Amino acid sequence: MQLLPFLLYRLRHGSIVLQIMFGLVAGMALALLSPEAAKSVAFLGTLFVKALKGVAPVLVFVLVATSIAGKTKGVQTNMRPVLVLYLVGTFLAALVGVVASFLSPVRLVLANAATGSVPPGGIGEVLHTLLFQVVDNPVNALATGNFIGILAWAAALGVALHHSSDTTKAMLYDLSQSISNVVKVIIRFAPIGVFGLVADAIATTGFSALMGYSHLLAVLLGSMLFIALVVNPLIVFLAIRRNPYPLVWTCLRESGVTAFFTRSSAANIPVNMNLCRKLGLHEDTYSVSIPLGATINMAGAAITISVLSLAAVHTLGVEVDLPTALLLSLVASVAACGASGVAGGSLLLIPLACSLFGISNDVAMQMVAVGFIIGVIQDSAETALNSSTDVLFTAAACIANGDVDVPAGELVKTDA
């Protein structure tokens, strides 16, 4: 009689990483032992994807509106160098994800993929579609999953509410927190969803689907490593004109490793602030830049959005020209800024990027489901890159402007 409450308790409070790994292994085992039984549990994966599909439009709308409405005045003036580094780094990350996807195209096995989209004819048609999606009725945009329209109306509402009373902003913030809590509940069922998705995928298509996931994971992790070890050090070098790698290694070791296991930029904020203190950075700078970075500095999320979106594109055989690819980089970097503070946030914004190519919401949400299957590693690596870069760029901006209290060790003053 006590078994069900115990299982529900473990599902709610246990390690989500271990649970997803267990669901992955259990799904593979069931598909190998009894393919028919594996197909019968496919509804668990379908139910999980439908839940995500239902909550994603509301989540994006509320979070973007709340973020813009509650934006603190004067942050741009005090934080301009850090903000520039954050935005440049996020855009370059999206661009690297796009380039990597073209160098090593990922093609997956998706249900109804052949009929799931209407490919655009080029950048002109993409912009034409984009324009009409922007002016869509907001209720219709929410009902149909038109993420471009949702983003536009949320931004407009956020700007309109920016000068509203603190009570209104507090209510909007409480609403966003409530929606985020609903998402967290849905995410807790990810292990069950992954179990159903993997069992059905292997029973239906064999191990070819998982091999496709391994290729996808290799492209994602390769792009993130390239950003962490090549692009970010180059950005820091251009800012401080000295060897960036002592600082890079310190940020990866003391911030990235912790973030990898917590899988939360918000949870890693105290770790980052302590590291900034050890580096001798001014508290009035990092006390603002670190929480801000946890919100908008999303290099890992930009890579995830661009790579998984182009995986859907290549799976469907959609031709993408250079201007459209650049537009995707921009959209992915902007969308990534809205992925903070939400479990699986970057995955839930994939439909926004997929809509540029006329890919249906059903197919886009299948890509989201694939993201959850590989999320045990992908989300951890993404968070590690996001969070460690917060400290890295804050330190780079402070060092470049001489905004350092004391030289902490040799990290701040090491020359090339």
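Cβ atoms here come from the backbone N, Cα and C positions, even for glycine.
As recorded in Swiss-Prot, the features of this protein are as follows:
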TRANSMEM  14-34  transmembrane segment
TRANSMEM  43-63  transmembrane segment
TRANSMEM  82-102  transmembrane segment
TRANSMEM  141-161  transmembrane segment
TRANSMEM  192-212  transmembrane segment
TRANSMEM  220-240  transmembrane segment
TRANSMEM  298-318  transmembrane segment
TRANSMEM  339-359  transmembrane segment
TRANSMEM  363-383  transmembrane segment
For the transmembrane segment (43-63), distant same-chain residues with Cβ under 8 A (at least six beyond the ends): 141-143, 145, 147, 150-151, 153-154, 172, 175-176, 179-180, 182-183, 186, 189-190, 192-200, 338, 341-342, 344, 348-349, 351-352, 361-362, 365-366, 368-369, 372
Ranked first among 14-34, 141-161, 220-240, 298-318, 363-383 for CB pairs under 8 angstroms with the transmembrane segment (82-102): 298-318
For the transmembrane segment (220-240), distant same-chain residues with Cβ under 8 A (at least six beyond the ends): 81, 85, 88-89, 92-93, 96-97, 100, 247-248, 252, 256, 299-300, 303-304, 307, 374, 377-378, 381-382, 385, 388-389, 392-393, 396-397, 399-400, 416
